[in-house]
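In what follows, a single structure is set out as structure tokens and then discussed.
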Amino acid sequence: MSQTFTITVLPGDGIGPEVTEQAVRVLKEVEALEDVAFQFEYARLGGCAIDEDGTPLPEDTLVKARRSDAVLLGAVGGPKWDNNPAHLRPETGLLGIRKELGLYANLRPAFMLDCMVGVSSLKEEVVKGVDLMVIRELTGGLYFGEKKRYEDAQGEVASDEMIYHEYEIERIVRRAFEVARLRSKQLTSVDKANVLESSRLWRKVVERIAPEYPDVELRHQLVDSCAMELIRYPKQFDTVVTENMFGDILSDEASMLTGSIGMLPSASLADGNFGLYEPVHGSAPDIAGKGVANPTATILSAAMMLRYTFGLEKAADAIETAVHQVLNSGVRTGDIAENKAEAVGTVEMADRIIAAMKEEYVKA
Ligand code: IPM
Ligand code: MN
């Protein structure tokens, strides 16, 4: 009897629907290759939900997501909703679903494939071989602390509270040690402990937990220095763990070490196996509907889903190997093509990846 998993698909806005469609195709191919069945349920999140349901995170979406085993998300947002008040912004839907589903551990790998070195804006010797994982705390810190807006004698005032509970730090740090253990056993914890009280608690918790992972080499680094070192000598990093806002910034920076945000996947994990998987890139409204978007990041996000939620390591490896092969063979979408005239579209890119993946299975 094959195992059945339910996947909620949230195509979202802009290029989101195009790229998720390709990832769903890849997952359907995996069904044919592994003894597993996926049931796909679609729901709305972001701008499309604001238009249809009057809210960026409809109740129906949460209900479907909660009863599924994993969520596949495209991207949310676009100029149409940019001037809306906070409760009617697509981003509010994204933050809401992270919080509601308890997705506190955000894994953002950044890797440079040899064949992509030419795409980076940095020197070859700096970026060749970069392979790191930013683990970002996703449901605490400045994003979710109390926000205030008021006036005092000097005029308008705004504040965002940076708040962390010990348990929130502990669970993300444990996840990070576990991930580091499966990589090259080197973990950098990033904070601003020379200034922020929340960072001093962060560091204390990291220090308390570290002895439980004696096989992992731990280092603390201040966030400003980390930002600098990421550009100077990125290969010194393997797994990096940090709080929400620092992680938002450092993961964008890390993505540029690879030259192409269009390639990078992410996983947002709750306790247990549940996770939401989405590309790191945004909704790219300028190219939406043109069939030229790069589906690689979403397809690699589906591979992360197979690995982290379903435990289908072989299928995940096969997709990743297929992506490397296709890129190595010179097939590129416009965002990463050196010769734009030869760029392939969204569907063809996925076709190539699927063909290479099937071949991997035949070989294995
Ligand atoms: C990200 C995005 C989001 C964030 C925005 C869209 C709210 O930048 O996933 O990194 O800041 O978390
Ligand atoms: Mn971001």
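Every residue gets a Cβ built from N, Cα and C, even glycine.
Caution: TrEMBL annotation is automatic and unverified by curators.
Keep in mind that this is a model prediction, so the values were computed, not measured.
For Pro90 (NAD(+) binding site), applying a Cβ distance below 8 Å and a minimum sequence separation of six or more within one chain yields Gly12, Asp13, Leu45, Gly46, Gly47, Ile50, Pro56, Val76, Gly77, Gly78, Trp81. Positions annotated as NAD(+) binding site by TrEMBL: 78-91, 282-294.
Over all protein chains present, the Cβ of Arg136 (substrate binding site) has 27 other Cβ atoms lying within 10 Å. Under the DSSP three-state reduction, Arg136 (substrate binding site) is assigned to strand. Taken from TrEMBL, the feature substrate binding site applies to Arg98, Arg108, Arg136, Asp224.
Here TrEMBL flags Asp224, Asp248, Asp252 as Mg(2+) binding site. In the shown protein chains, 18 other C-beta atoms lie within 10 A of the C-beta of Asp248 (Mg(2+) binding site).
The site 'Important for catalysis' annotation in TrEMBL covers Tyr143 (among others). Secondary structure at Tyr143 (site 'Important for catalysis'), taken from DSSP and collapsed to helix, strand or coil, is helix.
Per TrEMBL, site 'Important for catalysis' is recorded for Lys192 (among others). According to DSSP, Lys192 (site 'Important for catalysis') sits in a coil region rather than a helix or strand.
Within the set of binding-site residues (Asp82, Asp224, Asp252), the lowest number of other Cβ atoms found within 10 Å of a Cβ is recorded at Asp82. Of all the binding-site residues given, namely Ala86, Ala284, Ala288, Val292, the one with the smallest number of surrounding CB atoms inside 10 A is Ala86. Cβ-based neighbour count (10 Å, all protein chains) for Lys192 (site 'Important for catalysis') stands at 19. Listed in chain order, the residues near the Mg(2+) site other than Asp224, Asp248, Asp252 are Val223, Ala227, Met245, Phe246, Gly247, Ile249, Leu250, Ser251, Glu253, each with its Cβ within 8 Å of the site Cβ centroid.
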